[in-house]
Every structure is written in structure tokens, then in C-alpha cells.
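Visitor: Encoded as C-alpha cells, here's the structure I'll be asking about.
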Number of protein chains: 2
Amino acid sequence: MKSKLAVVKIGGNVIEDKAELSRFLSLFAKMEGPKILVHGGGKKATQILKKLGMTPKMAGGRRITDAESLEVVTMVYGGLTNKTIVAQLQALACNAIGLSGADADAIRAHQRPVKEIDYGFAGDVDIVNVNSISNLLNSGFVPVFCALTHNGEGQLLNTNADTIASEIAIGMGHSFETTLYYCFEKKGVLLDMADDNSVIKTIDSKTYMEIREKDIISEGMLPKLENCFHALQKNVHKVCIGDISMIDSESKLFTTLTL
Amino acid sequence: MKSKLAVVKIGGNVIEDKAELSRFLSLFAKMEGPKILVHGGGKKATQILKKLGMTPKMAGGRRITDAESLEVVTMVYGGLTNKTIVAQLQALACNAIGLSGADADAIRAHQRPVKEIDYGFAGDVDIVNVNSISNLLNSGFVPVFCALTHNGEGQLLNTNADTIASEIAIGMGHSFETTLYYCFEKKGVLLDMADDNSVIKTIDSKTYMEIREKDIISEGMLPKLENCFHALQKNVHKVCIGDISMIDSESKLFTTLTL
């Protein structure tokens, strides 16, 4: 039987709120068994960019990472955010080790090819180094990944944190029974956007088809669900979507996705 | 018999010169056996501080690390410099893993007590986690340390890179036959500051006493030598001082210190 592994992703909404981050880290430190944290960047990178007199460039909601922006995201994601989280987890007796995809050659990617838009130093994941990450887990470390990868030729790349989390969960799925937790601001997938407690508790392939046909959930949620089912089809055991309370062992109100 | 371990420290003069850094990393990647790299910060942190509209504060040549400066050094040392070095080493098939002292609980320190001067978030090293670092070495990783430590209570601290290197060499000296390499801009300890090739090839406790009495070497070098002999007295096998060519296996012109 495979050991269990939790891959937990938090986004900007948690990182930017000190009290919320601290509450999340306490819950994360208490989670039993092997676990991996993946964090997004939040607005700090954009703030620093602006303070340094640069103009953040976006296209269709995605950051265009020119050389200057890459320097800033490397500083903020890989330095400030990552090390702050690691130091706080250590204070909670959780033996965290902060990583970019370059560290331990953990995640290789290639620069996104230029089509209509040149995203600059944005990376699409090629391979997760299961061996390296397993070595760290087996030594009792808790890997904490920021949203940076590398191309194996010395170039760091900016990579979407949701994608990093799902690629890690998929890669590690060969050796572990992997659960992927996406923490966001809602309690789960909602039936009624106006009612925060209208959480759909379980969604499987069949109910997912029904939901899509009946057009009952928000548009923004559909690509998220698509990514989740993509991960489930590629060997991830279970995907959970909810707010940070979801990782509390006593929590019951969140959405669980299975095939 | 103990295995050999090399602890190599590079400073700002190497980091700030792209060609020099790249030459150093090629040599470092080729070094055989277990090894650890420790890098200083260089002027980038001061540049970024100024660009962000802050004023770098110094006292007696040492940085005063207030909360704002700590954010910047965490970004620059822990993020930009560390990850850039790691990505370049990975491209040279050296399985680098970038660390602050908080990562893997590798180096604990305490905030320097306020006497005449309040150095802010400056840390003096308490303990090096030999077990954690050995685990990483045994997994085949090459630890790359930036000049940050933590106090175990969630606080990151700015710590002198020379000190981090010697404390790591001392700590690891219990399990390994450790050689500490200090790379700087000269070829070694010089007899005549005007002649770059007047390197004193070996210094032991006896010649060290003679050198001190005869007042033949530069003032700035004396505290460095004092630190080196401190490390030698605490279980470090050998200390080498020279420019980056020193770590080339064919190099012969540098200073070797032994007891």
C-alpha cells in the first residue's frame, strides 16, 4: 500500500493576511504524515515592482515576466515569502525546507513558446524530480515550494503556483497516495454564489458532467475543476477545494473531488 | 577515518562580477566529494534598499538591520542571489540546494544584544544542525547557504557570511575532515601588499605568532587570521585563503593555515 502524501496550495489571499497566514501555518504544522506546501506570490511582487519604478505587465490576467520582473519575483517569491513561511513553520516544530524548482533540481520547465503573446520568462512544467523530493520527505523535511522553476540551463522561470501544486501531486502520485488541497477564499465549490454555506460536498466525474450541463456553478470555477479532474485522471487520489479550515482534521465543510 | 568535506565561502567581489561568478561556479562544480557553498550578499541589497527609497544604515562597517533592511536582505540574499547561483550550478550538473539557516533548521542564532549599538535583526550563531546538513549531503545534495539564520521562534536574522562558513566548518568537523576555503580578491596572505605574488604558502601556529610579532602583514588580514585559527582550534582540519583559482585541483598559489 502506498503512503499518503498531502500537497497543499495557498494563494495570495492567505499570504497577504498575516493573521490568516499564521492560522493556516498552525493548521498545516499539525497535519500528520508527509506533506508539501506550495505558495503563490500575492501582490507583494507587484508592489515592489512599482516601488522600483517598473511597470507590471499583464496579458489576459497573466503576468508577463520580462528580465526585470523575473528578478523581482525571484526576490519576493523565492526570498521574502518563502523564507518567512519557512521560519514560521520552524517555530511550529515543522521541519520546513524552502525550495524553488531549481533547488535539488526539483522541477524543470521550458520557457513558454511565443505565439500571439510573449510571456517572457514564464515556464511550463516538463518534469517533477520525484527522486529528489522523495529523498527530502524521507529525511523528515517538509518541502515548501515557491512558484519558480528552472530550465536546467541556468535560467529561472516564473510558473503558476496552481500548476506547480498539481504537477507535484501528479508526479508524486506514482509513489504516494496523493491528496491535493487547493485553499482559496470560499468554503468550497458553491451551488449558490450568494450563499457561502451552499458547498457541494462531493463531486465525481458523473456529477461534474451534470454540473457542467446544468450551468449551475460560477464560470471562474470551471477551469479550476477541469484542472482538478486532469490531476485525478493522472494518478492523484483526491482533490479538495475549500478555505484554510479544510486542512484541519476536524473540518467537514469543503468540496472533495474524485473520479 | 572521517570523509572529507569542503566548505567554500565567496564574497561580494565574486558575486557582483558575472564572468568571475561563472568561472568560480565552474570550478566549484568540478570539486570532488561532499561540499558546501556559503555566499555573502554583495552590493545588490544596498542598491535595492536605495532604489526603494530607504537609507542603508551602517555602524563601524557593519550593516544595521532594521525591519525594512531585513526584508530587503531576505529578498536579495535568500531569493535573487541564492536562486541564481543554484540554477547556474544545476546547469553544471551540480545538485545544489539553496538554504537559509531557517531551512531544515540548519543554523540557529540569537539577535545580537543591544550594547552601545543596536544592530537590529543581526544574528550571532548558536548552533549548526549537523544532522540536517549531513542528511542533505548523504542524499547527494550540495547545500548553498546565504547569510541568513533564524532564532527558532519565527524570526529571520542577518548573519555575517564569514561567520556562517566557519561555524558550519566547525559544526561539521565532528563528522567530517573539514577544509574551509575563504575566497577573496588576493591570491592569499601577502608578505608585501604591493606584490600580488608574495603569497605566504603556509602558516601554522608558530609562524602565525612570528607574523604577529614582526607586524609584517596588513592590518585588515589580522582579524581574518584570528578567525581562521579559532576554527582550526575547534576541529577544522585546514583553512585555505586565496582567490577563486584556489579551489582548482591544480592550483598551488594560495595560503594554507594549519595548527
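Cβ atoms here come from the backbone N, Cα and C positions, even for glycine.
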Visitor: Going by TrEMBL, A:GLY41, A:GLY42, A:ASN158 bind substrate; tell me which of A:ARG62, A:ARG63, A:ARG108 is listed for that site too.
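Guide: Record check against TrEMBL: substrate site with A:GLY41, A:GLY42, A:ASN158, extra candidate from A:ARG62, A:ARG63, A:ARG108 is A:ARG63.
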Visitor: Just report the maximum Cα pair distance in Å for the recorded substrate binders A:GLY41, A:GLY42, A:ARG63, A:ASN158, no decimals.
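Guide: Among the residues the record ties to substrate, max Cα distance equals 13 Å.
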Visitor: Note the Cβ centroid of A:GLY41, A:GLY42, A:ARG63, A:ASN158, the recorded substrate site, then list each other residue of that chain whose Cβ lies within 8 Å of it, in sequence.
Guide: A:GLY40, A:ALA45, A:THR46, A:VAL73, A:VAL76, A:TYR77, A:ALA147, A:ALA161
Visitor: Compare the C-alpha of A:LYS9 (site 'Transition state stabilizer') with the C-alpha of each of the binding-site residues A:GLY42, A:ARG63, A:ASN158, and give the closest one.
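Guide: Answer for the nearest of the binding-site residues: A:GLY42.
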Visitor: Return only the integer: C-alpha distance in Å from A:ASN158 (substrate binding site) to A:LYS224 (site 'Transition state stabilizer').
Guide: 20
Visitor: Whole-number answer please: how many Å between the C-alpha atoms of A:ARG63 (substrate binding site) and A:LYS224 (site 'Transition state stabilizer')?
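Guide: Here the two Cα atoms are 18 Å apart.
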Visitor: Among the binding-site residues A:GLY41, A:GLY42, whose Cβ has the fewest other Cβ atoms within 10 Å?
Guide: A:GLY42
